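Annotation comment: TrEMBL describes 20-41, 53-77, 89-110, 122-152, 172-195, 216-235, 247-273 as transmembrane segment. Sequence annotations record features per position, and here TrEMBL assigns domain 'G-protein coupled receptors family 1 profile' to 32-272.
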Amino acid sequence: MAAYTLPEGFTDFDMFTFGTALLVGGVLGFFLNAISIVSFLSVKEMRNPSNFFVFNLALADISLNVNGLIAAYASYLRYWPFGQEGCNYHAFQGMIAVLASISFMATIAWDRYHQYCTRQKLFWSTTLTMSGIIWILSIFWAAVPLMGWGVYDFEPMRTCCTLDYTRGDRDYVTYMLALVLLYLLFPAFTMFSCYDSIHKHFKKVHQHRFNTSMPLRVLLMCWGPYVLMCIYACFENVKVVSPKLRMVNIGCIINLVTFENFWAIIGNIYIYFRVSVTPSDVMICYITHTQRLSFMD
């Protein structure tokens with residue numbers, strides 16, 4: 001058996017537990033996102049501009065699931081086997097997935113607002129353009145640390161890689177604050193304003209089709225604690241925070257994204273059993289799928 005040195009503050013049991021949590025969440029999330037993707041590609045009624053945003057959200061989330069599975073593999077090995085260059089690629093790929101996922105959640109909220117409140121038709125040209133811009137911007141902002149504005153490095157357990165928030169230098173602070181503004185505050189404000197308008201519309205017509213508060217809650221549950229820690233690192237020495245607590249943030253993100261996927265699968269299963277019945281049933285299935293983060297009343 002190859003020799004390895006455990007990271008400071010961690011035991012074999014910690015490595016196994018973290019790897020198992022990532023494995024379970026990653027496999028389940030991968031499976032659920034795969035069903036969302038297959039649903040879009042195989043069910044003709046679902047291949048429309050609005051659902052294309054959901055399709056892209058599933059692609060971003062499944063990419064994050066793959067990122068977590070790689071970390072799970074390294075956790076079982078008790079070390080990172082891909083070197084510093086592999087660490088950079090792992091963090092880069094994970095950052096793209098995170099930024100794209102948050103962006104598409106906000107975009108879906110914008111689309112739902114127009115679907116219910118303004119009744120404006122969404123065209124394929126608009127959907128393709130917006131999706132392309134989201135992916136290009138996600139790749140750009142994820143590539144910035146590779147060019148020197150911010151740095152990617154190992155998490156405390158040294159089995160996965162993200163933005164190095166322990167530096168706390170000017171590059172890190174300015175890059176992190178830019179990300180918080182563009183990829184948390186702006187999407188959260190967009191989702192809040194869109195779903196608040198939808199909620200008011202539902203009250204006006206006395207027909208509540210889904211829980212309008214759930215998408216924003218899930219966004220804040222998934223990313224809020226981790227972002228708070230990263231913001232804390234802008235002003236204080238984050239190394240005083242327990243390494244185990246910092247790793248719990250990573251595990252929670254993967255498993256909360258799986259929680260998001262759980263609600264997607266409910267809508268997808270419903271589609272397969274109801275999509276061919278009546279036009280009204282098709283519309284109900286459409287809503288349950290495209291409103292991924294919502295409950296049906």
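A Cβ is built for glycine as well, from the same backbone N, Cα and C atoms used for every other residue.
Same-chain residues lying 6 or more positions outside the transmembrane segment (122-152) and placing a CB less than 8 Å from one of its CB atoms are 49-50, 52-53, 56, 87-88, 91-93, 95-96, 99-100, 103-104, 107, 111, 114-115, 161-164, 167, 171-172, 174-176, 179, 182-183. Here the transmembrane segment (89-110) touches the transmembrane segment (172-195). Their Cβ atoms form 3 or more pairs under 8 Å, with each pair 6 or more residues apart. Mean model confidence of the domain 'G-protein coupled receptors family 1 profile' (32-272) amounts to 84 (pLDDT, 0 to 100 scale).
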